[in-house]
């Protein structure tokens, strides 16, 4: 099958060309938008609490009730899981290209709609926000399997890991972009509306115009998606889908000749692309060949995202707990947004973004497996280093040490499993199931993100009920929560051993599709020998 196809061999051995970088930018801008939209909510949740849940006479500024906070932080993940499963499946059924633009349009429309709301009552504003963030998540979810699969099928085998990781690395710039944009918007509003801190004037510390701040921050997420929509629609279908799934080798060759600007040439005789081994997802053959692989990619992504998202979404709570962000009552509403955004941007700049790009540069040199093992190991070490002497880090003068170690856990998440769990599922499964299996693995990841988001919200509350945030039960405290995350990272390390190394191998070699054709060829030859003339 694939051995006869010059187009696939040409893709595997192609030198790095302009079309590779174009594909990285087109797919990567989707991920820039994904990260911006998913993580910008953590910049404005405290502001939403001050605006819509202010309690007269309270010594603390208003904060979102636990159920509302959980809904706003987690509803996008629910949508993302649905999108990953649906678009992963549909990407294998009708093609990657046909639905690639749809995900971007959903993201653009729902980003804008998230900043709009019906009425002024807290319930209606929050219900609207949750509704549109669910569908925003649905579009974001579709981008995961489609972008990873498209990039893996466009790339050559020598630098495939770097190209897929580069698409995912745009997530780092999305987190950074969200933080920088929030800093700019809050600084502008702060300059225009000078108001006292909450402890001086509880009501006056939140100006009516603060309501525009969170809306502008959320709506800006649509811009990068809108900009790249045209280019996404112009991309041809991947040659591997067209040749191996749609069975049209001539079309695949014509598409790639256009993209690569070379003459690949078609075989005189159309290759036979029908295989007797085209097993489905729910078959014994798939279970035997790829069952452990799917368990490995799904479980490592699940465990990684518990730690990664709980860290990312609740940075502001951790920074407040160690005193890196001042007490809420000492700031006005817009100033608090500025301080939270500044802290998160610093972490993104110093650890998140560099971690992604370390992976891009090293993944095809030292391999996916090694990077994932290093990442999980170091995340475990640093998490315990934060948790065990936690009291030490809360003392004055020790905050910098805490922030440095905390940043290093982010660095090794991104120079580690956060990147590799995205790359590997796009490489090790057959073309006809590649998008579906990536979607399943990614959905398990987002399930982990929900466990992290909801679980950490409650677990990190102080053990003393009187010190917990309004409406929350007593938790196990930040220290014990960090120990739990350390154990989760350790489990991720163990499950990594189920995942095969794909460095330097073609996609067909990894998925063993070329073995199918060899077996089929042998069977045909034997049949011809035994048939009497």
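The backbone N, Cα and C atoms fix where each Cβ goes, and this holds for glycine too.
Check TrEMBL against the ranges 309-328, 369-388 and you find transmembrane segment recorded for 369-388. When TrEMBL is compared with the stretches 132-151, 192-211, 212-231, the one noted as transmembrane segment is 212-231. Range 346-363 is the one annotated as transmembrane segment, of 274-291, 346-363 (source: TrEMBL). Looking at 241-262, 439-460, the range annotated in TrEMBL as transmembrane segment turns out to be 439-460. Taking every listed stretch (21-48, 162-189, 346-363, 369-388, 439-460) in turn, the largest tally of C-beta pairs under 8 A with the transmembrane segment (400-419) is reached by 346-363. Between the transmembrane segment (99-118) and the stretches 21-48, 68-87, 346-363, 369-388, it is 21-48 that has the most C-beta pairs under 8 angstroms.
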